[in-house]
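Colleague: Got a structure for you, written out below as structure tokens; questions coming shortly.
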């Protein structure tokens, strides 16, 4: 057992070494190939040759869109949890704020009847989620420990319950006819239609790439160093002159902004938003995805978000001994997480620092005993 | 006076940890704060560095009242603490840790100069510059914590238990380095349980008991004070 594990581990380390040691152009070529693969993926002409990858029980391009939204959310949550080390249990609440902002301001079923175009509302949705992040963070981020987790959990539930019961937010009936993103083909047909999910997926994919570039630049700057120092030892960070509260608030608000963007995209694609879209479980799934992938590592968050969202859909339509596997998806998901936490608590693709921190903490536990 | 603390008291919830402490540190001095476990030494440090808010009294640094100032702004004023229990960043390499020490500074040339000086003071750190902080030994982590604090080029260096958990050889070494740092022009306020070493090197010292200062004098005076001898130096 251990020897197999060891071999897997050393194999992965060798792969990592080879990646870091490879010449620049090889890495770029690989990166371009991967990105091209994901742009090509939703085309039937391409994915029908991929064997078991397409989902049998669901429209594959639809699934890809859902997966891409989860990846975007995982990248955003990774800033909060992975870089700054703040436990946010209600991340989906920000997603809801983004989606509802779009719904309220664009849908004809809204009481406001503003009927603004989608594109105009997107920056507003991002701004408003960011503001809600600041409002939530300002009182709680001054405190240490588990307060933030509890408050964020409460926040997500508050948003959901408001959505269910408030007349303004329409509850189960929801908002319909939310406009799609703009854009037309040469022949006048809209680029973002109802039937084809591919353009939405491409849009989200492009935004993911842009967001990742932004986040990467941020983490390699003074801001990133400040975040990492806060995560590793908040007292020490403060003693080094890092304004910890300010940077925690920054991480929290930028994470929220990305969730708001994802929510706006979701509303623009779905055309319809109601209170059932924002269950608490979703927040947990994204958090689990980030930790599963390797929190603190952007690639890890992408892989985690993608895998988790995809796996859940992949179970659809599979029967085992007369049991529909999809019904048990969260059970299986939970089991995978438990096994993962035992054998590889730092995630699939951990951050090198993060791995060292885990070791350090384990040492402390042993000393403490 | 570089640092003047007047009548400072501090509460942990309902428990009063400091009862009206007053002390001063003049420029160029090494001042030691000695006392038993739980006497309030580390709490005094936290009050000075701003990690814990004080209840009453005032803290003045270079004549300016900093009692209400945020901790990170105190660092910018030139007051830097090497935290107790080392408090290094375990996932960052030695160099990255040292770099964090210079977080408030922008003068690249000055930072490079100070880095060279710190690596000169602690050759062990130079050997392990690429290694993650968490993988260093206790002594090396202690050196890293002191070196990192120096990287902010503080006017006043606060050292909280620099000898904690170290082998006798290393304790000697750490104290020699503190002396050297002081001779290079940095004022040092030192909290120590190892009273013998601290008093031997400090210009002045304060004895802390249950949150109050009970005695003060030069290092040599206290070293030969019968009461101090009995209580802290293990000599009857």
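Backbone N, Cα and C atoms are what each Cβ position is placed from, and that goes for glycine too.
According to TrEMBL, the protein carries these features:
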- A:25-42: transmembrane segment (TRANSMEM)
- A:62-84: transmembrane segment (TRANSMEM)
- A:91-109: transmembrane segment (TRANSMEM)
- A:115-135: transmembrane segment (TRANSMEM)
- A:147-165: transmembrane segment (TRANSMEM)
- A:200-219: transmembrane segment (TRANSMEM)
- A:249-268: transmembrane segment (TRANSMEM)
- A:280-313: transmembrane segment (TRANSMEM)
- A:325-343: transmembrane segment (TRANSMEM)
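Locate each feature and note its surroundings.
Modeller: Distant neighbours of the transmembrane segment (A:62-84): 41-42, 55, 91-92, 95, 197, 200-201, 204-205, 207-208, 211-212, 215, 219, 224, 227-228, 230-231, 247-248, 251-252, 254-259, 261-262, 265-266, 269, 285-287, 289-291, 293, 295-298, 300-302, 304-306, 308-310, 313, 351, 354; these residues of the same chain sit at least 6 beyond its ends, with a Cβ under 8 Å from one of its Cβ atoms.
When Cβ-Cβ distances below 8 Å are used as the criterion, the transmembrane segment (A:91-109) is approached by residues 73, 76-77, 80, 115-118, 121-122, 124-126, 128-129, 132-133, 152, 155-160, 163, 168-170, 173-179, 255-256, 259-264, 266-268, 273, 277-280, 282-283, 286-287 of the same chain, each at least six residues removed from its ends.
Residues 35, 38-39, 42, 61, 64-65, 68-69, 71-72, 75-76, 78-79, 83, 181, 192, 227-228, 254, 258, 261-262, 265, 268-269, 298, 302 of the same chain sit 6 or more residues outside the transmembrane segment (A:200-219) yet have a Cβ under 8 Å from a Cβ within it.
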Colleague: The transmembrane segment (A:25-42) and the transmembrane segment (A:249-268): do they have three or more Cβ pairs under 8 Å, with pairs 6 or more apart in sequence?
Modeller: no
Colleague: Taking residues 6+ outside the transmembrane segment (A:147-165), which of them lie with a CB under 8 Å of any CB in it?
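Modeller: For the transmembrane segment (A:147-165), the sequence-distant neighbours (Cβ-Cβ under 8 Å, at least 6 residues beyond its ends) are 86-93, 96-97, 100, 136-137, 140-141, 171-172, 274-275, 278-280, 283.
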Colleague: Should anything in the same chain at least six residues away from the transmembrane segment (A:325-343) have a Cβ under 8 Å from its Cβ atoms, list it; otherwise answer none.
Modeller: 5, 57, 281, 285, 288, 291-292, 308, 311-312, 315-319
